[in-house]
Amino acid sequence: MAAQSRSPPLLLLVSSLCLWSSVTVLGLKAANSLAESPKQPDARAVDHPENNAPVAAAAGASQPRRASGWKLAEEAACREDLTRLCPKQTWSNNLAVLECLQDRREEIELAPDCNHLLWNYKLNLTTDPKFESVATEVCRSTIAEIKECNEEERGRGYLVSCLVDHRGNISEYQCNQYITKITGIIFSDYRLICGFMDKCKEDINSLRCGSINVGQKDVHSQGEVIACLERALVRQAEQQERVHPIKEECQKAILRVAELSSDDFHLDRHLFFACRDDRERFCQNVQAGEGKVYKCLFNHKFEEAMSEKCRDALTTRQKLISQDYRVSYSLAKACKLDLRKQRCSLDSSLPRAREARLSYLLLCLEAAVHRGRPVSGECQGEMLDFRRMLMEDFSLSPEIVLHCRTEIEAQCSGLHRKGRTLHCLMRLGRGDRSSAVDGVCQSALQTLIQSADPGADYRIDRALNEACESVIQTACKHIRSGDPMILSCLMEHLYTEKMVGDCEHRLLELQYFISRDWKLDPILYRKCQGDAARLCHTLGWNETSELMPPGAVFSCLYRHAYRTEEQGRRLSRDCKVEVQRILHQRALDVKLDPELQKRCMTDLGKWCSDKTDTGQELECLQEHLEDLVSSCREVVGNLTELESEVRVHIIIA
């Protein structure tokens, strides 16, 4: 592209689409809907054989024989493959023939001469300088409606680039069909995304992702090149030492391609071929477009019948979403206005900044929800899906993969599905086994729990949900499904006859991490956020302070719980009730009281190692109060005093 004074509006793809051309698409009636339209744009200028003859000549095929327009179906190079693979009604439509041949099954080979012919045909389509003039005609009203596109300079490829970038907003039928068809051609071969080639050439070679030799033209191998780069990008985020670091501009290009293919899974060529059978099996009735097929396949990822190659391709896609939420069309669309309203994306000049990370989006919008600010139901529904996704598959968090690799390999391998690996790590973090997790792994777990926020809706934690289903149906059936009070109800029945073993374990594993950050108990946060800001000088839901870390806030709250008026500022009545609830639950298991566990670890081992029943550890510490080290004696004494005050208040009430 000529002008260097300005970068194309898209980092790759159609911004540089090398002045896409395919005026021929209209002239050859590429989109069936357009061909049937009586108001079809002027095709006389684009249906001349001289525009198309070079395609056949470059491919070494015979020259076109009809003055009315050259047809792929008439070329000897592809005749046998066409007869074998494509319905006869498609033969008169060049683009339908192209789609048929490039969407064939992976195991089906095309004749080399046919492959070569298709390549040169696509190259010709995407380099004809007349394309923009046809786009201007077909998309006239759309261009007028989309301000950014209307203001683009003509004749340099920016207009078509803009239309592709906004194709989700195109309501004009002919324009939508036209842009959609052309996008499918471009995505079939990474070399037709000419900006992509320039930005990633070195990385393709250094990572050995495939040859950039023009001789390799198979459509399947071209999809593999981008898939290889995507895998390398997610691998890079999971490694401390980067053997072959991907250049910044190539990283942006990879994510941009993933984003621009997020609405239609046909455009992710590797995933399309890897999941073709699974799509038929699980999502046959799901209409393509708006990311619906991706969502359907994500929901079935851990089904036994799902093929491994499809599961791997879906996981790579999800990992890209973790790096940039815009790789999910449905999430980006549903939350676009909410992100702006809640000021979650402040710097639009930095499209790949931290604001793009999925975890940042979730934390920012969850903070708004917890503060009672309006977030649309559609956006909250999308957030719920991705929070559940994070809890189900630990590998979607690069921090967990990077910092917990040793623990996973040593004690949690083979438990990948349905959140089992994550709960195994949580169990290790809780200290139920001899080997505790490393500090950075513990921190990564705490961060993931905050991003997923299962305390707000237990159903996000699939392992817990499945383990506790029977208990919820009997002990907590009076509470609405998904209500945060379900977890509190389960805690109240922790050591009763209604509790079952698996539920007890999963519940304590989760509560261990919730108890270390007061914000993760949504009821406590809702009732006490005002008190915490007033008395403990806390910041926002997704902000932390070194002076008052999350684990210290509850200690601050209960220090103010039973103060008299003479002693100073006290908690509000509603907050005090919640503090009492938490104290009661923490008395059931000392590991749920971070301060007690930290200060009394030595004394617990020395005096209470045989005390394992409900509340026995705390009773044991109280019995040995004079024998405890001073720091442990202080916290146990305070708890004992608070217990007494709670009993007095209950009697008075």
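Quick reminder: no glycine exception, Cβ is built from N, Cα and C everywhere.
Those TrEMBL annotations? Automatic predictions, nothing curated.
Summarising the annotation, TrEMBL assigns repeat 'Cys-rich GLG1' to 109-171 (among others). Mean model confidence of the repeat 'Cys-rich GLG1' (109-171) amounts to 75 (pLDDT, 0 to 100 scale).
Positions annotated as repeat 'Cys-rich GLG1' by TrEMBL: 245-305 (among others).
Feature annotation from TrEMBL assigns repeat 'Cys-rich GLG1' to 374-433 (among others).
Residues annotated as repeat 'Cys-rich GLG1' in TrEMBL: 498-565 (among others). DSSP assignment over the repeat 'Cys-rich GLG1' (498-565) gives 41 helix, 0 strand, 27 coil.
Residue counts for the repeat 'Cys-rich GLG1' (570-629) under DSSP, helix first, then strand, then coil, are 42 helix, 0 strand, 18 coil. What TrEMBL records for 570-629 (among others) is repeat 'Cys-rich GLG1'.
Sequence annotations record features per position, and here TrEMBL assigns signal peptide to 1-27.
The stretch from 374-433, 498-565, 570-629 that makes the most Cβ contacts under 8 Å with the repeat 'Cys-rich GLG1' (245-305) is 374-433. Secondary structure of the repeat 'Cys-rich GLG1' (245-305) per DSSP (helix as H, G, I; strand as E, B; remaining residues coil): 37 helix, 0 strand, 24 coil.
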